[in-house]
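S.K.: Checked Swiss-Prot, it gives:
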type	residues	note
COMPBIAS	11-25	compositional bias 'Basic and acidic residues'
MOD_RES	Ser6	phosphoserine
REGION	1-25	region 'Disordered'
SITE	Pro23, Pro24	site 'Important for potentiating BK effects'
Amino acid sequence: AEIDFSGIPEDIIKEIKETNAKPPA
């Protein structure tokens, strides 16, 4: 599923992507 990043600041997008890249605890 794609996430709609429209209207979201670049730094927030980066933070979300980095969080998604981490394996679940």
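Here the Cβ of each residue, glycine as well, is placed from N, Cα and C on the backbone.
For each feature listed, report its degree of burial, its nearest neighbours and the pertinent distances within the displayed model.
M.R.: Secondary structure counts, DSSP: the compositional bias 'Basic and acidic residues' (11-25) has 11 helix, 0 strand, 4 coil.
Annotation for Ser6 (phosphoserine): no same-chain Cβ neighbours under 8 Å separated by at least 6 residues are found.
Non-local contacts of Pro24 (site 'Important for potentiating BK effects') by the CB criterion (under 8 A, 6+ apart in sequence, same chain) are absent.
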